[in-house]
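A.B. asks: Shown below is the structure under consideration.
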Amino acid sequence: MSAPSSASSAPAENSATDHDFLAPDAGQKPPGPTPSQSRFQVDLVAEAAGAADDKTPSSDASAAAPDAPSSNPAVSGEEAKGRFRVVNFADPTGVGSVDSPEAAPTEGMQNGDTVMSETSLHSSTGGQHHYHYDTHTNTYYLRTFGHNTIDAVPNIDFYRQTAAPLGEKLTRPTLSELHDELDKEPFEDGFANGDELTPAEEAAAKEAAESKGVVKFGWIKGVLVRCMLNIWGVMLFIRMSWIVGQSGIALSCVIVAMATVVTTITGLSTSAIATNGFVRGGGAYYLISRSLGPEFGGSIGLIFAFANAVAVAMYVVGFAETVVELLIGMDAVMTDEVNDIRIIGTITIIILLGISVAGMEWEAKAQIFLLVVLVTAIFNYFIGSFIPMKSKEAKGFLGYDASIMWENMGPDFRGETFFSVFAIFFPAATGILAGANISGDLADPQMAIPKGTLLAILITGIVYLGVAISTGSCILRDASGNVNDTISSHLMANCSTAACKFGYDFSTCKNEDTCRYGLHRDFQVMSLVSGFGPIITAGIFSATLSSALASLVSAPKVFQALCKDNIYPGLQMFAKGYGKNNEPLRGYILTFGIGLAFILIAELNTIAPIISNFFLASYALINFSVFHASLANSPGWRPSFKYYNMWVSLAGAILCCGVMFVINWAAALLTNVIVMALYIYVSHKKPDVNWGSSTQALTYHQALTHTLHLSGVEDHIKNFRPQCLVMTGYPNSRPALLDLVHSFTKNVGMMICGHIRTGYRRPNFKELATDQARYQRWLLKNETKAFYTPVFAEDLKQGCQYLLQAAGLGRLKPNTLVLGFKNDWRDGDMMNVETYISMIHDAFDFQFGAVILRLKEGLDVSHIQGQDESLSSQEKPSGMKDVIVSIDTSKDSDADSSKPSSKSPTVPLNVSDQRLLEASQQFQKKQGKGTVDVWWLFDDGGLTLLIPYLLTNKKRWKECKIRVFIGGKINRIDHDRRAMATLLSKFRIDFSDITVLGDINTKPKKEHMAAFEEMIEPYRLKEDDMEQEAAERLKNSEPWRITDNELELYRAKTHRQIRLNELLKEHSSTANLIVISLPLARKGAVSSALYMAWLEALSKDLPPILLVRGNHQSVLTFYS
């Protein structure tokens, strides 16, 4: 097809361009994904082959939905050949979409809007035909913007995680797919990015597919009901009246208000976290772990799940105790009191387990029934409080009266304090996370958790306050229950108590334990006041059973989420879920086992405070999470719930910690110890997860702040640190260089592993970024504190200049260039030597220090296959040429140092490779008792001395002694030694010996001089033997050549290098490491071949030698 004849040439060209990019010939269709697996929402309009001559708008617009049967076989056939699956575009005439179940309504067609099906976001692959856009027919204008281009419009499905339960994940076109040149047909491998789904992604997709039809709860049934049932515990009916008796109405209200403030702040914090992104199952654990990271999340998740499991036992025993009291009242005890509690508790928890295992639907129905019973009991009490009865007066219930209210307003502590009473009440306010704990079973957790939790706190808080005021206003603190304890009429005038007003005298009760009624004495006083006593008993049953049921459901759900994240590897078996709701049946059995064990103990007074503290620790961390996330100021912290404040959350965290110690300081200490122990364990295990926690965000924030702050501070000599740019190439290519530099920079200075890559006419920056991430991980895995920084450059010199200028950040920039010695300098192109020496000159130009390491065996081990298991299998493309700075024996600097050779790993290494491998690992071992010989010949600011000092401070080098060698005059050796000893003592650097060399300037041996002459012979210019013009021409084309003039000019310096090598062999042949001043060569005056020959002559046939030259600025000081 082509554009209509009426189309202008420009649009036709544009169409052709679009067509060329969108739909190149694909040839045979490769095996492609199903529509649901594809990545793009790209849609072309396929026209029927039979309608090629028909240019009407309707023929252009007619197309079937991707999954709908087409009314026109030709259209279907053409679409099957098309490059992309066709969208369900509207057909104004109605033709072509009659049979489509998703056909657009007439009004929609008349408006010209594109009608899309759910599946129109998918593409298919393969095809043989090109399609042009018809830019001048109605078809073009009927399309939705963005569906006629590869570039995708914003779509929620692009932002989903792989296992998103609310919809399918799509992947937007990558920048490369939109931006890179078309070297090959796009998407030729069936997937737009050529990636197959990983097993984890397949499992997640399968789980998402299976989750259709899952039972999900709204905010009332899922959160409000659960929270209210959990907060209204047995405390409401059998302890609230006692708390009023002890504290009085005023302080009781204060106690309720304090508890409510703590829970409200926690509720606000929970709401903020829950609305900052999609919430999965796991409740408190999920919220804390995704905010603060796996360390806090893993530690709190385990104790929170355990606390819920033991809470099941607590609530069940509370229920069993009430039943046993009724049995005792009816004289129907089975065995004895304790065993009856065990029997009833066991039967109860088995029934509750059955309800839970039956599924969340049954559990939710049971919760609704229990809530109805509980609310009925509360109303029953309030109705009864307005119906005073003569028979109840002797038991302390006299009806509402101002005198009773006033008398009960103040406290009357009997063996208790305000805080001890608060400690008894506070567990009644917990339970606010009951809704959040089943976050995975909520239809919309972001809406449900804030709404349900905060409303539950409000309703329950009002009811607690209402009960406190009501009981204090109508019930006496003490009553005997004896109707004969009346007061005579003549004494009523002198009566001051509220009881006297009603004709009773209970004054003896205050000092005697015989009275059994009143707020202080009778825990069942609410049953007495209520309209129908048994309903209060039913309310107690409801309160205990509902809390037990909520805890029995919460514990396995939280534990399952914890196990799914594999924070504790041994618990993976509990992650498995069953059925469409993914029920954690194994977790239910475990919770049942823990609960049953504590029920059989039947003594929960000691465990109860620890459970309360476990819950409070969770609340404290939820509050702290909000504070921490706000403090980190991460752009990802955007909760849709706005009614929170970071400082209020911090206050809430502190309050929670305070309440922990108020309730039971010993239990609080134990809780903190357990949390810290688990935190340390998880930190040590380092789980391989990345949840974008606020800890990570704050680390970045602090690093950025400190880096900026550091940039505003002038450097000081005392704070000098060697910050090394180490030319390692790939970090695993030169282990000796990496290990030695890491030894003196670890925890002291910075190390950047520089890698210059050349050889590509068009560099592959994408691969460079991939390598950067991979090798940085390798460094971290090998516990090497360094950064890997690769660059592309036209040549080695340019790349080195890039790194010298741009590596680092602010004050965290390198100040020392570290190279490996170029052992193969005589074997390859001498221009490589010119480049190598120019890098040293550039370092000095940038005011860097320079360090060169030489091992006689060499440094580069990259050609030895299998030398590094973690990266040996990672081959580089054969076209890549990696230029590495420090090169080893028999390897040219232009060789690809990362590409494994064809040598089989089973073939034994040759002798030289074996020695090379052993030498490359020598700095990984403990050095033992040896020496580090420092030949401090020239004062470079002290770097030559500082590096050995830092080395010998490290564990591996601790037993090595520093020996110092200096030059001097024969007639002043003692004086020079004392002067150096004084200097070293002022620098506070320990040394074992100082040797003054008076014979450095002695002429070297003739055979050594002859060997040097022979070495440089091929590189001499010999300008005296040729025409001046020819000599200049040769020098320009080969600048590394050594002129006769310079050889004569620097003869003394040449002799010094040869003589120093003789002295080094004499004095330091057994040293573990030699550190010597690097000779300098004046730029432009000394040729690179002569300088290289000096370095060769100085350092050959010696133990590991480090040639060091600082930038001649002091790095040592003896001033404080």
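The first residue you see is number 1, and the count goes up from there.
Cβ atoms here come from the backbone N, Cα and C positions, even for glycine.
The feature compositional bias 'Low complexity' is assigned by TrEMBL to 1-15, 58-76. Residues or ranges marked as compositional bias 'Polar residues' by TrEMBL: 108-127. Summarising the annotation, TrEMBL assigns domain 'Amino acid permease N-terminal' to 134-187. Among the features that TrEMBL reports, domain 'Amino acid permease/ SLC12A' is placed at 222-725. Annotation source TrEMBL lists transmembrane segment at 219-238, 250-279, 299-320, 341-360, 366-387, 418-440, 452-476, 525-549, 585-602, 614-632, 652-682.
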A.B. asks: Is the transmembrane segment (299-320) close to the transmembrane segment (585-602), in the sense of at least 3 CB pairs under 8 angstroms with a sequence gap of 6 or more?
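C.D. replies: When sequence-distant Cβ pairs are counted, the transmembrane segment (299-320) touches the transmembrane segment (585-602), since at least 3 lie under 8 Å.
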A.B. asks: Using a Cβ-Cβ cut-off of under 8 Å, list the residues of the same chain that are 6+ residues beyond the ends of the transmembrane segment (299-320) and lie near it.
C.D. replies: 233-234, 282-285, 288-289, 340-342, 344-345, 348-349, 352, 437, 540-541, 544-545, 547-548, 551-552, 554-556, 558-559, 561-562, 567-568, 590-591, 594-599, 602, 604, 607-608, 611, 614-615, 617-618, 621, 671, 674-679, 681-682
A.B. asks: Do the transmembrane segment (452-476) and the transmembrane segment (652-682) share at least 3 Cβ pairs closer than 8 Å, excluding pairs fewer than 6 residues apart in sequence?
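C.D. replies: They are not in contact.
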A.B. asks: In the same chain, who gets a Cβ under 8 Å from the transmembrane segment (614-632) while lying at least 6 residues past its ends?
C.D. replies: 262-263, 265-266, 269-270, 272-273, 276, 284, 287-288, 291-292, 296, 300, 303-304, 306-307, 427, 430, 432-433, 644, 646-647, 649-650, 652-653, 656-657, 659-660, 663, 671-672, 675, 694-695, 697-698, 700-701
A.B. asks: With the transmembrane segment (250-279) as the reference, find which of 219-238, 366-387, 418-440, 525-549, 652-682 contributes the most Cβ pairs under 8 Å.
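C.D. replies: Most Cβ pairs under 8 Å with the transmembrane segment (250-279) come from 418-440.
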A.B. asks: By Cβ distance under 8 Å, which residues at least 6 away from the ends of the transmembrane segment (418-440) in the same chain are close to it?
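C.D. replies: Sequence-distant neighbours of the transmembrane segment (418-440): 217, 222-224, 226-227, 229-231, 233, 235-236, 239-240, 243, 246-247, 251, 255-256, 258-260, 262-263, 266-267, 270, 274, 279-284, 286-287, 308, 360, 411, 448-449, 452-453, 456-457, 460, 464, 547, 550, 553-554, 557-558, 561, 582, 608-609, 611-612, 615-616, 618-619, 659, 662-664.
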A.B. asks: Looking only at the domain 'Amino acid permease/ SLC12A' (222-725), report the model's average pLDDT.
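C.D. replies: On average, pLDDT over the domain 'Amino acid permease/ SLC12A' (222-725) sits at 83.
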A.B. asks: Quick one: find which recorded stretch in 219-238, 341-360, 652-682 has the most Cβ pairs under 8 Å with the transmembrane segment (525-549).
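C.D. replies: Highest pair count goes to 219-238.
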